[in-house]
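Per Swiss-Prot, the features are as follows:
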BINDING   7, 10, 24, 27  Zn(2+) binding site
ZN_FING   7-27  zinc finger
C-alpha cells in the first residue's frame, strides 16, 4: 500500500511503495515527511 510523502527540500508530493528507496524523485533529497490524514481519528482511552 503506497503512502503519500512530502519532500523536505522542494515540497513535492510523491507516493512511496514498500521496498522503494526513500528519496525525492525530483531533487533526490532523502528527508521525506509523511502526509497527515484528513479524516478524524479517535482513540479509546483506558
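The backbone N, Cα and C atoms fix where each Cβ goes, and this holds for glycine too.
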Env. residues of Zn(2+) site, Cβ within 8 Å of mean position of 7, 10, 24, 27 Cβ:
8, 9, 11, 12, 25, 26, 28, 29
Neighbourhood of residue 10 (Zn(2+) binding site) by C-beta distance under 8 A, where only residues 6 or more apart in the same chain count:
24, 26, 27, 29
Across all chains shown, how many C-beta atoms besides its own are within 10 angstroms of the C-beta of residue 24 (Zn(2+) binding site)?
21
DSSP-derived class (H/G/I helix, E/B strand, else coil) of residue 7 (Zn(2+) binding site):
strand
Would you please pick out, from the binding-site residues 7, 27, the one with the fewest other Cβ atoms within 10 Å of its Cβ?
27
Mind looking up the mean pLDDT for the zinc finger (7-27) in the predicted model?
90
